[in-house]
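Notes to accompany the following structure.
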Amino acid sequence: MNMWRWLRGFLRNCGLRYSVVVLWIVLNAVVFTSTYRHWKYAPKYYYVHQILGPTLCISRGTAAVLNLNCGLVLLPMCRVLVSLMRFSRISRRSFRMLLDHCKGFHMLCGLTIVLASVIHFIGHLFNAANFSIHFNPYYVDVNGASYKGQDPLYIVAGSVPGITGLVLMLVLCTMATTSLYVVRTNNYDLFWYTHRFYLVFYFFLMVHAVRGVLKEQINLSRHSPGCDKENLNLSIPWPEPEHWDTQETVCEEPPVFGTVGCSSWMWVGLPLLVYLVDLTYRRCKQGHCTRILNVTEHPGDVLEIRVWKKGFKAKPGQFILVQCPAISSFEWHPFTVSMCPTSQCESFTIHIHAVGDWSGRLQQYLTGSEGWKYVLPPLASSKEDLDKRLVIEGPYGSPSGDILKYRVNVLIAGGIGVTPFTAFLHHLYSNEKLHLQNIERIYFIWMCKDLRSFKWFTQLLCRLYQKLWSLNRPDLLCIRLHVTAPVPGSQLKMFVKQYPLLEKRLYIGRRPDWPLTLMEICSSHKGTDIGVFCCGPKGLATNVEEECSRIWHKNANLFCHHESF
């Protein structure tokens, strides 16, 4: 029974996602197998297969898988397209939960590209060696080598596919190495800049097979492959496949060979065009005037930046991409809108935790603080200079955008991951016409290492709680603030004195017991679909998703939406 409950929860939260992964695996297997069999059994490749054997089929099969994933890897990065799909009227809950994992699918395709490229590269190294060893002296045009015994390295370095292949492997290894989690978290700038090499990668991919060394026979109607093998007494190093079924053998002239054409554009062309159109549209939308209205420093190196941008509109849970030209004209970093513009206030805010190179330089640039490694120009006072400080792109949808679609919502935040939920809480506080009858209960669970971190949004929590009391809905919002580290007594007393409404909602030195917490919520809302939204460190998001899949309680279904950083 417990196994059935776990399976039911797993299928509810992860079923469609893993179904897509299985479909993707099957698609890759079909592409590899069909390409392998085509190059092994097609009559036009008979003579080149005689020389190269199984490594020919392996290298071509992995090339097809490589091309397929080079196209698919671009689609999750089409931010405008994904946002349109997320907010379309026909978008269902399960489909939106699938879109939450676009980044994961991008990484899965990227890993497959690396593996397929390595196998493809090794296969062609063996092909170069076979061209040298098994040189065909009767039909010289089919050879990739100039003579028997030619150094395989010269075969590779003397061809366009060989040179471009080496460049592609160098670029791909650089991008893959800097994409590792350890490198990405410790030096995001390095990851970001090396990922711009994708332009170089796709250019060389398109020209990789130009003037290739693999040949195909083009006069099959006048020369049946292998019709004269007995007269030539040519030793074949590989077992000969039953490549075609024919009752008539034609041998009117010697075989004529032509170069195998480039097919990468057939796989990559359309996805690359979609991505470039998406990117162009995003760049065109950046041109609107942006002005920084205020910068506030909070405890824990957190910046609150209030920004005004002409025509900017956002919904709670959406994020934007931010560029600071004074720091870098190429780097874009994602940040959630922590307060959305309204009809009364057209400005919006973002909160940035200054923990990396770029965010640290941004903090120094905006506040003039000392101690940072990079020294930037002093703050400018003119309006024109203020307008140039930040470039905003977006907004785009995120998993937190479904909060208003559930009657019961569980908002789980770790540290600065609270920003998607504060936008929603701001929306509740500032929207006078909000129909609260559509929302039954909101559980807000926020975890921080330092008690002072709660001061980022404690005033908002207190004001919202007072407003709900005035609307006779004090039970709508349940607040739980967890401090995971010990707190000095004097600091705790000062916090409680300043925010008395939060005293009974403060838990010191302990994390939430997720099985118990989620089970209690399910018990209080039987027969209800409950939306669980989590934003924070990867470990937190993984634990919450596992518990949502494991827990089952009398038709109270937990739907987990999470994003990690």
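Cβ from N, Cα, C; glycine included.
Listed features, source TrEMBL:
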type: TRANSMEM; residues: 21-39; note: transmembrane segment
type: TRANSMEM; residues: 64-84; note: transmembrane segment
type: TRANSMEM; residues: 105-133; note: transmembrane segment
type: TRANSMEM; residues: 153-183; note: transmembrane segment
type: TRANSMEM; residues: 195-214; note: transmembrane segment
type: TRANSMEM; residues: 264-281; note: transmembrane segment
type: DOMAIN; residues: 285-402; note: domain 'FAD-binding FR-type'
type: TRANSMEM; residues: 408-429; note: transmembrane segment
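If you look at the transmembrane segment (264-281), the same-chain residues 6 or more away from its ends with a CB under 8 A from one of its CBs are 64, 67-68, 70-72, 74-75, 77-81, 202, 205-206, 208-209.
Tertiary neighbourhood of the transmembrane segment (105-133): same-chain residues 20-21, 24, 28, 51-53, 55-56, 58-59, 62-63, 65-66, 69-70, 72-73, 76-77, 143-145, 148-153, 155-156, 161-162, 165, 168-169, 172, 176, 179, 213, 237, selected by CB-CB distance under 8 Å and a gap of 6+ residues from either end.
Beyond the ends of the transmembrane segment (408-429), by six or more residues, the same chain brings 302, 314, 316-319, 335-340, 350-351, 353, 398, 400, 439-449, 453, 456-457, 460-461, 463-464, 467, 518, 521, 525, 528-537, 540, 544, 563, 565 to within a C-beta distance below 8 angstroms of the stretch. Sequence-distant contacts of the transmembrane segment (195-214) (same chain, at least 6 residues past either end, Cβ-Cβ under 8 Å): 48, 56, 70, 131, 144, 155, 159-162, 164-165, 167-168, 171-172, 174-175, 178-179, 259-265, 268, 272, 330. Note: the domain 'FAD-binding FR-type' (285-402) comprises 23 helix, 41 strand, 54 coil (DSSP; helix = H, G, I, strand = E, B).
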